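Asks: Found this in Swiss-Prot, in case it helps:
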{"type": "BINDING", "residues": "77, 78, 79, 84, 262, 312, 313, 314, 315, 316, 317, 330", "note": "NADP(+) binding site"}
{"type": "BINDING", "residues": "79, 96, 97, 98, 99, 100, 101, 102, 111, 134", "note": "substrate binding site"}
{"type": "SITE", "residues": "141", "note": "site 'Critical for catalysis'"}
{"type": "SITE", "residues": "214", "note": "site 'Critical for catalysis'"}
{"type": "BINDING", "residues": "254, 277", "note": "Mn(2+) binding site"}
């Protein structure tokens, strides 16, 4: 019986990527998305050669399209360093596309583990998921840093608009050979949006919310985050939280990391930009794998999102693939980028068939793994080292085929 394709009323923005993830991205589209959906895709290639050819304008255009259509689904991309500039003969060492997109969309990145019963956790006490919300604007990622050469005074100056009454702070008096300096910032508007997004996410999940800062050291900077979160909580969320039996609490980052390690999970953790970058990888590994993590950027308007894979472009596998060798690359996070993006499209469009499809595709991924069909990285978590043999895992395409079979079975079962 032929499957009647699901019509998706409104477009989605697709941001293609680099290396091995670009290879699996195409396979996911061809085997798990396009056979089942009638879909208008606004396509942007964020592969490094095309970013270079367009002077990185394509990255900005893709973010602007996301603002227009409200849903973007992004493949992993290369952030070039010196070696990549040489390898690709780039005009410039282009900025991280994720950083560019996040700064335009000014959102909060929420990451959450994909839990499979048969994948052991490095932190066995984590029996419930932990959703980490990373403020995706400003701080170190928008900072101006410099190398200081020689002796001299470093000053921080603020000149108010329409006034000559500048405020000047002496930061440090360099007396030796020099050193390094950094100036960074954030805005009240962005922190307020971060607070709203975090409060909303925790309320939707009916989980408590924790904000972590180091306000004992950065009394003004981190203190502002703490104050704004408290204001937003008191004004808009306190009564809702009390009714739902959940709570909001501020904690010092060091105390929060210790608490996270001994907790059972089941909460939303709001992190400043750098803390979120670091702690999301700590959580991913603790739950089992970076390849089992969802990542969604939620914008302040509440209706615009960008879903992505939380890992890199898997360069090592791509080198093997280029030589015609067999790879076993985990595509689950990339599949979940599609499902989370499409699920949001379904919610915006009130499209129940599409929402049901995304749930079945996610269940097909987890079902495949729990039935013993998985890629090498996951098999290695279960069967350590030399005990692992080729029969214990599937290659890149075999795994996507296994998910496709599982998905078709679930769709047919629902139809019957």
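One is the number of the first residue shown, and numbering goes on along the chain from there.
Backbone N, Cα and C atoms are what each Cβ position is placed from, and that goes for glycine too.
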Asks: Going by Cα-Cα distance, pick out whichever of the recorded positions 111, 141, 254 is nearest to residue 79 (NADP(+) binding site).
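Replies: With Cα distances computed to residue 79 (NADP(+) binding site), the winner among 111, 141, 254 is 141.
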Asks: Ten-angstrom check, please: count other Cβ atoms within 10 Å of the Cβ of residue 141 (site 'Critical for catalysis'), all chains counted.
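Replies: Taking every protein chain into account, the count is 18.
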Asks: Using Cβ atoms only, which residues of the same chain lie under 8 Å from residue 313 (NADP(+) binding site) while being at least 6 residues apart in sequence?
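Replies: Sequence-distant Cβ neighbours: 17, 18, 19, 20, 21, 22, 76, 77, 78.
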Asks: Report the same-chain neighbours of residue 317 (NADP(+) binding site): residues 6+ apart in sequence with Cβ closer than 8 Å to its Cβ, ordered by sequence.
Replies: 20, 327, 328, 329, 396
Asks: Compare the Cα of residue 254 (Mn(2+) binding site) against each of the recorded positions 99, 101, 141, 214, 315 and report the nearest.
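Replies: It is 214, whose Cα lies nearest.
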Asks: Taking each of the binding-site residues 254, 277 in turn and counting other Cβ atoms within 10 Å of its Cβ, which one has the fewest?
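Replies: Taking 254, 277 as the binding-site residues, the minimal 10 Å Cβ count falls on 254.
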Asks: Output, ordered by sequence, the same-chain residues six or more apart from residue 262 (NADP(+) binding site) with a CB under 8 Å from its CB, or 'none'.
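Replies: Correct list: 125.
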Asks: Rounded to whole angstrom, what's the largest C-alpha distance between any two of 79, 96, 97, 98, 99, 100, 101, 102, 111, 134, listed as binding substrate?
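Replies: Across 79, 96, 97, 98, 99, 100, 101, 102, 111, 134, the widest Cα separation comes out at 20 Å.
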Asks: Non-local Cβ contacts of residue 214 (site 'Critical for catalysis') (under 8 Å, 6 or more apart, same chain)?
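Replies: Once residues fewer than 6 apart are set aside, residue 214 (site 'Critical for catalysis') is near 222, 252, 253, 254.
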Asks: Among the binding-site residues 77, 79, 315, point out the residue whose Cβ has the most other Cβ atoms within 10 Å, with all shown protein chains included in the count.
Replies: 77
Asks: Express the distance between the Cα positions of residue 101 (substrate binding site) and residue 277 (Mn(2+) binding site) as a whole number of Å.
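Replies: Rounded to a whole number, the Cα-Cα distance is 15 Å.
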Asks: Highest Cβ count within 10 Å among the binding-site residues 97, 99: which residue is it?
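Replies: Sorting the candidates by Cβ neighbours within 10 Å, the top entry is 97.
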Asks: Pop the Cα-Cα gap between residue 315 (NADP(+) binding site) and residue 141 (site 'Critical for catalysis') into the table, whole Å please.
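Replies: With distance taken Cα to Cα, residue 315 (NADP(+) binding site) is 24 Å from residue 141 (site 'Critical for catalysis').
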